[in-house]
2 protein chains.
Amino acid sequence: MSKPTPISGFPEWTPAQRMIEQFVLDRIRATFELYGFAPIETRSVEPLDQLLRKGETSKEVYVLRRLHADQEGATGDDALGLHFDLTVPFARYVLENAGKLQFPFRRYQIQKAWRGERPQEGRYREFLQADIDIVDRDTLPAHYEAEMPLVVGDALRSLPIPPVRIQVNNRKVCEGFYRGIGLTDPEAALRAVDKLDKIGPAKVAELLAETAGASEAQAKACLALAEISAPDGSFADAVRALGVSHPLLDEGIAELTEVVETAAAHSPGLCVADLRIARGLDYYTGTVYETQMIGYERFGSICSGGRYDNLVSAGGSTYPGVGISIGVSRLLGLLFGAGELSISRGVPTCVLVAVTNEHERPASNKIAEALRSRGIPTEVSPSAAKFGKQIRYAERRGIPYVWFPGVEGATDEVKDIRSGEQVPAAAGEWTPPRADLKPLIS
Amino acid sequence: MSKPTPISGFPEWTPAQRMIEQFVLDRIRATFELYGFAPIETRSVEPLDQLLRKGETSKEVYVLRRLHADQEGATGDDALGLHFDLTVPFARYVLENAGKLQFPFRRYQIQKAWRGERPQEGRYREFLQADIDIVDRDTLPAHYEAEMPLVVGDALRSLPIPPVRIQVNNRKVCEGFYRGIGLTDPEAALRAVDKLDKIGPAKVAELLAETAGASEAQAKACLALAEISAPDGSFADAVRALGVSHPLLDEGIAELTEVVETAAAHSPGLCVADLRIARGLDYYTGTVYETQMIGYERFGSICSGGRYDNLVSAGGSTYPGVGISIGVSRLLGLLFGAGELSISRGVPTCVLVAVTNEHERPASNKIAEALRSRGIPTEVSPSAAKFGKQIRYAERRGIPYVWFPGVEGATDEVKDIRSGEQVPAAAGEWTPPRADLKPLIS
């Protein structure tokens, strides 16, 4: 077999990086659970027609075919595709299990998703996301929109990553404002404004004229709205100063005020109302979120979401929801790429038990057993080579301690191979310093 | 949207079942790490030609195609398929990263795999496996074959499942024995004996004659070997009593003796030498493992593996390995089906903070924040409905405590809704009994 090569867009981490990823996932999960979100996983596949309900994403779907299935199966009604996010499968899960679930239903879901799009830095074909959503039957109180930033704020703050800023907007503010100035196609206007960062205000003004039929004054007003940004409720004054009024605008301002003020009470500086945030996807109807790492704004949003009222409905019931998704692979891929994350060793092992000679391996096994039974990750040396070689085995992996079984009734000894200090020890009692027990991430 | 229905072979658990699964995965992972295995994940896809190297499994592979890719891409040289186990991707990962890894390399890998085969109880098209493997460059000491049962024995014993028995055999024992009695196609003989449980000894004897050219006496000897089973080194006496000798047989007996004796020293009764265990796959060359739950033998093996010498080689190096795989979905699916696993509540939440009226929601948020900061999973009530309704919200989810914020300077109170007991409490100090903090599994 010739040496295999990586497949573009399908990242694989080293064991050390995977340990960092697990640490990150454990922290995220712990925070989600502290807020009472229950876990689910959905299958990786959905019926293709369900995945294609949103035309936008159809080009990105991976379709599955069993190698020996007849061709019918691959394109017929029962065709399956890999999910491209966790929201669409979650919506389906809610409908499928509506009779068994308690509403409002708070769930988290940490899983891979797949998109066939062109890979770029931090943008993969296979990637891991960590989502929370709250859905209710028929109505969903707006206070849940204010809860999302608290949860991801706490989750992201628990990670060894730069501090974040969550940018929040509300579709109702934009739509109400656009209607208030007389635009009749607010979605077209939203799509145009969404391109602000990419193409700049002049081009957005042109686009507003072309696609949303905006006059020069209307385009100017849209751009003025998009420029508003404030870390607290003062954004509302800035909006009102533009002199536009519409009932939907008032509703949006009230909801957005609750989000930024709840966040400010919880952790000042976490959220800003940023009225240029639009999110491309059609299904958002209220609050929308994006998240930047401070100092790494060039990476774009690492955590996004929003409120959706019309994603899930069946049998006369609708299930409005709000959710937010941490792009774990994206986040880690970018930080690994920037050399920003490291770990103190590449194995979980804290102690290597040396083997005096192969006949004495059972004695080393016993020592390892005693250490493990007290929670100390331990390996037994691969061979009864000279101790120098056994120590090098530990050194190469960053294992901090080597344990020498006592021979002929002598006491065992344990050596910190970093300092060279060697002391008598008993496997039933010795405990490493807390900082050495598990690999440390920095 | 009409109500969606499940897809056969792609199981989905309820939130409560997923909590049990996570508990199980955490325990397995903790044990793997105690033994110094480092984690990796591989991408879900492999080049199709790599997946098809083993003809046996070709029928089971799911092939991927991007929806809008030209047909070439779907069947050409760059076609991708979903991996059907974790061993083949791991072998590829070792080759690809050989220059960066330390050998012997101990890794664990907990991931989904996919097979297009017909679903049955406990056998899925999408399933989760938890694997450990140790690979070395060029040679791998046999003592690693003795280590595998210790690890999975500890891992499985840490789970809320019935006790297990690991059945061990060694390919060298069979091959040496078959050669020793004059059979020239030991693989054919092994395949025939592998069917013993399914078709019985008479049919196996016929098959041995047909496919391995065995005489009546040879077939009888093969069956006699397959009947040997012992919890310790005494199996060797039983083999020797059959009067066959061959160098490979001696080697196999010595290795198998080390495995069962190491296991007996670690936990008596965990392992038995069972000479009928063959494992279908061609790539095993030494020890092979299967695992039964005692009292649930009808479920078949829930944890299997073995030693392989020829799976990975490139550039003049070979990488012999030994590994074992816990079938997590299989295990849980069967136990869920048998109603053998339950959890004390369907949400992580320990405390629901009531809301007196919507204007006081920030006060309830503050209480929740204080409880969470001390590790107590807490939700805030969805509405300021009558307290009876708020308590029912907790009851339906199994949340044990409801917290009532004090109004107008009064002290907060917390109610255990199971006993009805309600006591004054401060969010900065109150702690639930340890048994209530997290959902309990039984």
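The backbone N, Cα and C atoms fix where each Cβ goes, and this holds for glycine too.
Copied over from TrEMBL:
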- B:D85, B:L86, B:T87, B:R115, B:Q129, B:D133, B:R279, B:Y283, B:Y284: L-histidine binding site (BINDING)
- B:20-348: domain 'Aminoacyl-transfer RNA synthetases class-II family profile' (DOMAIN)
| remark: A correct count of other C-beta atoms within 10 Å of the C-beta of B:T87 (L-histidine binding site) gives 24
| message | Around the C-beta of B:Q129 (L-histidine binding site), how many further C-beta atoms are within 10 angstroms, looking at every protein chain? | response | 19
| message | Counting across all protein chains present, how many other Cβ atoms fall within 10 Å of the Cβ of B:Y284 (L-histidine binding site)? | response | 23
| Tell me, how many other CB atoms lie within 10 A of the CB of B:R279 (L-histidine binding site), whichever protein chain they belong to? | 18
| request: Across all the protein chains here, work out how many other Cβ atoms are within 10 Å of the Cβ of B:D85 (L-histidine binding site). | output: 20
| Quick one: what's DSSP say for B:Q129 (L-histidine binding site), helix, strand or coil? | strand
| task | Grab the pLDDT values for the domain 'Aminoacyl-transfer RNA synthetases class-II family profile' (B:20-348) and give me their mean, rounded. | result | 92
| query | Among B:D85, B:L86, B:T87, B:R115, B:Q129, B:D133, B:R279, B:Y283, B:Y284, recorded L-histidine binders, what is the largest CA to CA distance in Å? | reply | 21
